[in-house]
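Peer 1: I'd like to ask some things about the structure below.
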Amino acid sequence: MSTKYIFVTGGVVSSIGKGIVAASLGRLLKNRGLKVTIQKFDPYINIDPGTMSPYQHGEVFVTDDGAETDLDLGHYERFIDINLNKYSNVTTGKIYSEVLRKERRGEYLGATVQVIPHITDALKEKIKRAALTTDSDVIITEVGGTVGDIESLPFLEALRQMKADVGADNVMYIHTTLLPYLKAAGEMKTKPTQHSVKELRGLGIQPNMLVIRTEEPAGQGIKNKLAQFCDVAPEAVIESLDVEHLYQIPLNLQAQGMDQIVCDHLKLDAPAADMTEWSAMVDKVMNLKKQVKISLVGKYVELQDAYISVVEALKHSGYVNDVEVKINWVNANDVTAENVAELLSDADGIIVPGGFGQRGTEGKIQAIRYARENDVPMLGVCLGMQLTCIEFARHVLGLEGANSAELAPETKYPIIDIMRDQIDIEDMGGTLRLGLYPSKLKRGSKAAAAYHNQEVVQRRHRHRYEFNNAFREQFEAAGFVFSGVSPDNRLVEIVEIPENKFFVACQYHPELSSRPNRPEELYTAFVTAAVENSN
């Protein structure tokens, strides 16, 4: 069977849920027995989002092979339950840098390097490579931004050319748009969608399906009008209604026959998607009776997308505990020794997630100290693990001024120090310890119990600094347990205080491996401890 290509574009406004629509379709096709992969095209000129501010971009999602990618890849992995790779996120910066390197090496044999064919060919190669490396039946490609953005033009041209390259039966174009509702007039307006499709057709792409984002049901009359003016079949105008829970969306799209229309267009002979397990999960999510309160102490809390995988992992772990996780967003910049008890007193559990830079670190240390001294279940992640070690050094070991060499290079007690292989690296982007690495677990520890007594667990990392082994014996003598280390015992991966109900911190990012129907084990152990603490 020929590989099938589905391209998802957006119009009218950005942030209308293209990624969720693409991920939901991926889940439906996977549940039909098809092998699916998915990728995101981002038209910005950065090589990747690794050096972008979380306020600009939200979370950086790390793949198994160490690519720093768009947060939509997190949605893709959680919905479809697949592990993506570096070919799953492509930016303008990445494409141009590769083309320019080829030009410098003389690979274009003296030709004038142009957007067409060189940039568009490079984009098409990324699409085909993503399919080849995963041996997929179907590849879904989402293009970030909206039709009409000047940055998107080479991407859309590459998508247009794909139809001629692989055949019309192997390509489908899905266009997602906003259908605004004017409350004063009491009606929905189709004109923005019509203009968006007109713009897309002007670039040579005729959409085969429209997905309209609406607050209210559109009605068949609106769908017929859009079908007539946008030249798509009425049944191929699909609603994406606002929902209470994201995981309802695949079921809503299936109910409208979206996946069947896609299969018919692409001539895919696949059985109906069995969504029984997914439906049961959604039903459970919609009927959670109890709540558990988790305080998330972070520096980017004004933009919650900066912690989207953390939030989803907490929710997933709540599902298996039959509780709804209510998150109390605590700005680490506001936390002091004087107000920490007031800010965290009603927390059943406290999580201190990752981050970079000095700002907010002292507030996080106060939150960690509160959790340790008051025996509140606590999970530290990445920087949260490093600050857990610093807090213990200061307030238990009495090492006044203990800090990280990253945050205070002149500290007398560099509890956290730069990794040896990072010392001479000058570039910031793409140079961290990135991707999947193993952690060897200590028998009898809370970490080992969380992971069902596995000897080794593999999780994704994103860091440059590590625990300084010169202090390891001193910590252990005071009851601090290093419950996870690299197989060569050189790098500390997990720490804990066994006397507390749950006081565990890890250098890696467990949230990146969590799925709604298969929550990450360390998060689950943390939420379970928080539930027990609330009773």
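Yeah, the Cβs are placed from backbone N, Cα and C, and that goes for glycine too.
Under the heading region 'Amidoligase domain', Swiss-Prot lists 1-268, citing sequence analysis as support. The feature UTP binding site is assigned by Swiss-Prot to S14, K189, T190, K191, P192, T193, Q194, K225, with sequence analysis given as support. Here Swiss-Prot flags S14, D149, I150, E151, K189, T190, K191, P192, T193, Q194, K225 as CTP binding site, drawing on sequence analysis. According to Swiss-Prot, the ATP binding site annotation covers S15, I16, G17, K18, G19, I20, D72. As annotated by Swiss-Prot, L-glutamine binding site applies to Y55, G355, L383, G384, M385, Q386, E406, R464, with the evidence given as sequence analysis. What Swiss-Prot records for D72, E142 is Mg(2+) binding site, and it gives sequence analysis as the kind of evidence. For C382, the entry in Swiss-Prot reads active site, nucleophile, with the evidence type sequence analysis. The feature active site is assigned by Swiss-Prot to H509, E511, with sequence analysis given as support.
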Peer 1: Here are the binding-site residues: I16, I150, L383, M385. Which has the lowest count of other Cβ atoms within 10 Å?
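Peer 2: Selected from the binding-site residues I16, I150, L383, M385 on minimum Cβ neighbours within 10 Å: I150.
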Peer 1: Average pLDDT across the region 'Amidoligase domain' (1-268)?
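Peer 2: PLDDT averaged over the stretch: 94.
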Peer 1: Quick one: of the recorded positions I150, K189, K191, K225, H509, which has its CA closest to the CA of M385 (L-glutamine binding site)?
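Peer 2: Closest by Cα: H509.
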Peer 1: Closest to T190 (UTP binding site): which of the binding-site residues G17, G19, R464, going by Cα position?
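Peer 2: Answer for the nearest of the binding-site residues: G17.
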Peer 1: To the nearest Å, how far is the Cα of K189 (UTP binding site) from the Cα of I16 (ATP binding site)?
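Peer 2: That separation, Cα to Cα, works out to 16 Å.
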Peer 1: Just going by other Cβ atoms within 10 Å, which of the binding-site residues K18, K189, K191 has the emptiest spot?
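Peer 2: Least crowded of the binding-site residues K18, K189, K191, by Cβ count within 10 Å, is K191.
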Peer 1: Counting other Cβ atoms within 10 Å of each residue's Cβ, which of the binding-site residues S15, T190, T193, Q194 comes out lowest?
Peer 2: S15
Peer 1: In Å, how long is the longest CA to CA span across Y55, G355, L383, G384, M385, Q386, E406, R464, which the record gives as the L-glutamine binders?
Peer 2: 23
